[in-house]
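One structure is given here, and the rest of the page talks about it.
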Amino acid sequence: MNYLDIYQTYRKKIKAYDYALWLISWDQETEAPERSNDYASNQLEVLASAQYDLEMAEERLEAINHLYDQINDLNDEIKIEIKKVKKSIDRLLKIPKESYIDYQVLLSKSSKVWAEAKHNNDFESFLPTLEKIVEFNRLVVKLYETDTLKGYDVLLDMYEDEMGIKEYDQFFDTLKENLVPFVLEKTKKKPKFNRALTRNKFSIEGQRAFSKYLLDVFSYDLKKGVLKESVHPFTSGVSSTDTRITTAYHEDNLISSIFSTIHEMGHAIYEQQVNESYDETLLNGGTSMGIHESQSRLYENMIGRSYEFWAQHYPKLQEIFKKELKKVTLDEFYAYVNGVSRGLIRIEADELTYSLHVMIRYEIEKQLFNGKLKVKDLPKTWNKLYRKYLGVTPKTDTEGVLQDIHWAGGSFGYFPTYALGTAYAAQIYHAMNQDIDIAKAISSNQIHLINEWSKEKIHQFGGLKTPKEIMLIATKEPFDPHYYVNYLIEKYKVILKD
Ligand SMILES: [Zn+2]
């Protein structure tokens, strides 16, 4: 067998493990009965360890090294795949096995410690765990540093290729300069909405019917996906022919499930439209966290929160909630889905202020990994930055530094991709509008035109192109955050006019 055959034989087996592991996790998050958890995690452990042995098999590593040496003789697809695999294996081999195992054990317990600390508003009880997690990530930074990647850059690069401190600083500086003053000015008053929207209860059954209707509106392909329910909405895909989403219904909040469903559909339609021949390779799925988030945000915000969208679909919602929405006009509903306020919680943030929540986390992580901030000082710094950029101060750490699970899971460098993706979305939207009349596509119930454009310019490539290449193909220019700032200011100048 030649090296390519060996590599591909291993890949086939690894993919089969991936599939089994993925199905178990999906089941645990959605349908599995409560008591099944221990049994399931025992099986997960066995499968994950067998998969690890396959990945690190001598024969496989040898094949990868040989293929890497002859990289220019390979076709484009396999060339890119081998580069990615080689990079991740080289990195894994750099970490001492003992530290790696200690860290895995630490992570397996940390989310519980975090959840309790959050529940009890007790940062001190989470501090020792968080210090160890940060310490391990500082070690990772040391081990992975190269001539071009230093410090926090190493972590940023793990989530978004070729995005480091320099690029993110430019991005967030643009927000600080142009967006922060606008937000602080426009959010002085608390918004008022029709009380029927904020006081009524909306049946889960009715919300389910509307989410089902939305699947159709966006042409989410039910032959290649499903919609289920989970505590936190998410998308999970294993191939272009199987990409699933969840949403969460709340009786006291009509729009939460609507925008979760649309957001996750944005993620899922991306993966469903990747070139099907990549399913057996490692190029399936999206290319980066940022580009992935650009797709969910484009669907959620630019389409789902547009006036054209609700002019078209509000009657259906009113038909489902006849009594509850009888006295709510289209304009009142539109104002409600675009309401903005100075909030404390990132996942509840509106479209206008969302990226500022992310910017605060970026500043903190940067200081943490460039040596200027101690873990124990996180709450103080957190509160100071919230005051500065959002004009609010958390009263507790529960609604402050303890609100997100990411750091407990060892994810540093991940947060910035949320804001970056949202900003990519505005630039992609602008470019798309040159080719198709988006407002008209939405008004005439032809969102499939948007899907088709996205497939051609973004989705089909899967992991074949880098985020930078995707931006060039889709928008014909490099990433420029001004599209995002301009989009927000133009939109909210009108909505918040008095
Ligand atoms: Zn998302």
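Cβ atoms here come from the backbone N, Cα and C positions, even for glycine.
From the options 47-95, 390-438, the stretch TrEMBL describes as coiled coil is 47-95. Residues H263, H267 are given by TrEMBL as Zn(2+) binders; from E251, E280, E293, that same site also lists E293. Those same-chain residues not listed among H263, H267, E293 yet with C-beta within 8 angstroms of the centroid of the Zn(2+) site C-beta atoms are T235, E264, G266, H292, Q295, S296, R297, Y299, E300, G421. Its Cβ placed at the centre, E293 (Zn(2+) binding site) has 25 other Cβ atoms within 10 Å. Around the Cβ of H263 (Zn(2+) binding site), the number of neighbouring Cβ atoms within 10 Å comes to 24. Taking all protein chains in view, 24 other C-beta atoms sit within 10 angstroms of the C-beta of H267 (Zn(2+) binding site).
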